[in-house]
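Before any comments, here is the structure.
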Ligand code: P6P
């Protein structure tokens, strides 16, 4: 592999393709389509303060959240690149209530893509980094075109997952199962260049990321675990440092590189979300696949996120993700203190 400075993400995709003899280039092209969308979204995110694109569109999405103009731009950019590529049969996006089925005149492809076009977008107006998250499954339905079942597959069946983080620099981090690799956008040449080959998350960290404002609504196990992290025990590196950006991609990315644990547990803050806030298909499952391939672990508190069976497009799940030993330790607290009421 040549030096980092000239190893583009496209060349890396093609290298990965060589280890999948059955691949015909369609999958590689799909990854390139997503990288292209990332470059276009990065351009807009990075000038958001300069043009009339900040602020709200006035619409409300299925999540009941006000749609930010950049959300809408990112969503439309990804859809318009992917729906006519001939590589995709179904698209599931946070911004659309219904799944998007690729219909004539466009050719239906062999892959189903779930995505959060711009996660953390409530942070845009305050200049906090945000990100695009994607997950790719193989088409499993038998018909000539896609079905929702092509999206509703477990995280373990993902062919690829990744994110693009629009921060102090724009990075694309992805896995096709064979390691996790990070590429930094060089805007002067418009290329994602290899900057973080084969990322491995430390087995244990000393940082935790959680919205402590939800404390009153946490289960006993979550409360005791967070209290445990704050106790003095130099042997185990406690007390941990608290870092919470409120943008999943940013909190996840920091913990992926330095170690640590991110938690969005179930809370009863709003009866509409007894299963936490984050969505399984396009937030939890892709992050779970990435962290798994980097040597970490992702849980809903009881079981591996990768084994959860999706039942509907915008299904939510608690997400505890990061360093393997930290997430496993959280599960022990849940097993001990949140015993199912018989
Ligand atoms: P809270 C952003 O809206 C998001 O979906 C994730 O990016 C982030 O981790 C979470 O919600 C933050 O939620 O309730 O702490 O503001």
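Each residue, glycine too, has its Cβ placed from N, Cα and C.
Annotations in TrEMBL come from automatic prediction, not curation.
Here the structure is a predicted model, which means the values were calculated and not measured.
Per TrEMBL, the feature domain 'Fructose-1-6-bisphosphatase class I N-terminal' maps to 8-197.
The Mg(2+) 1 binding site annotation in TrEMBL covers 94, 116, 118. In the three-state DSSP scheme, residue 118 (Mg(2+) 1 binding site) falls into the strand class.
In the structure as shown, the Cβ atom of residue 119 (Mg(2+) 2 binding site) sits within 10 Å of 26 other Cβ atoms. Taken from TrEMBL, the feature Mg(2+) 2 binding site covers 116, 119, 283.
Residues or ranges marked as substrate binding site by TrEMBL: 119, 120, 121, 122, 211, 244, 277. The Cβ of residue 244 (substrate binding site) has 209, 210, 211, 212, 251 as same-chain neighbours under 8 Å, each 6 or more residues away in sequence. Following the DSSP three-state reduction, the secondary structure of residue 244 (substrate binding site) is coil.
Here TrEMBL flags 201-333 as domain 'Fructose-1-6-bisphosphatase class 1 C-terminal'.
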Cα-proximity to residue 283 (Mg(2+) 2 binding site), 10 Å cut-off, over binding-site residues 116, 118, 121
116
Among the binding-site residues 118, 119, 211, 244, 283, the ones with a Cβ under 6 Å from any atom of ligand 1 are 119, 211
Looking at Cβ-Cβ distances, which residues of the chain lie under 8 angstroms from residue 120 (substrate binding site) while being 6 or more apart from it?
128, 129, 130, 131, 245, 246, 247, 248, 249, 250
Using Cα coordinates, what distance in whole Å links residue 122 (substrate binding site) and residue 116 (Mg(2+) 1 binding site)?
13
Neighbours of the Mg(2+) 2 site 116, 119, 283: Cβ within 8 Å of the Cβ centroid, same chain, sequence order.
94, 115, 120, 131, 133, 248, 249, 278, 279, 282
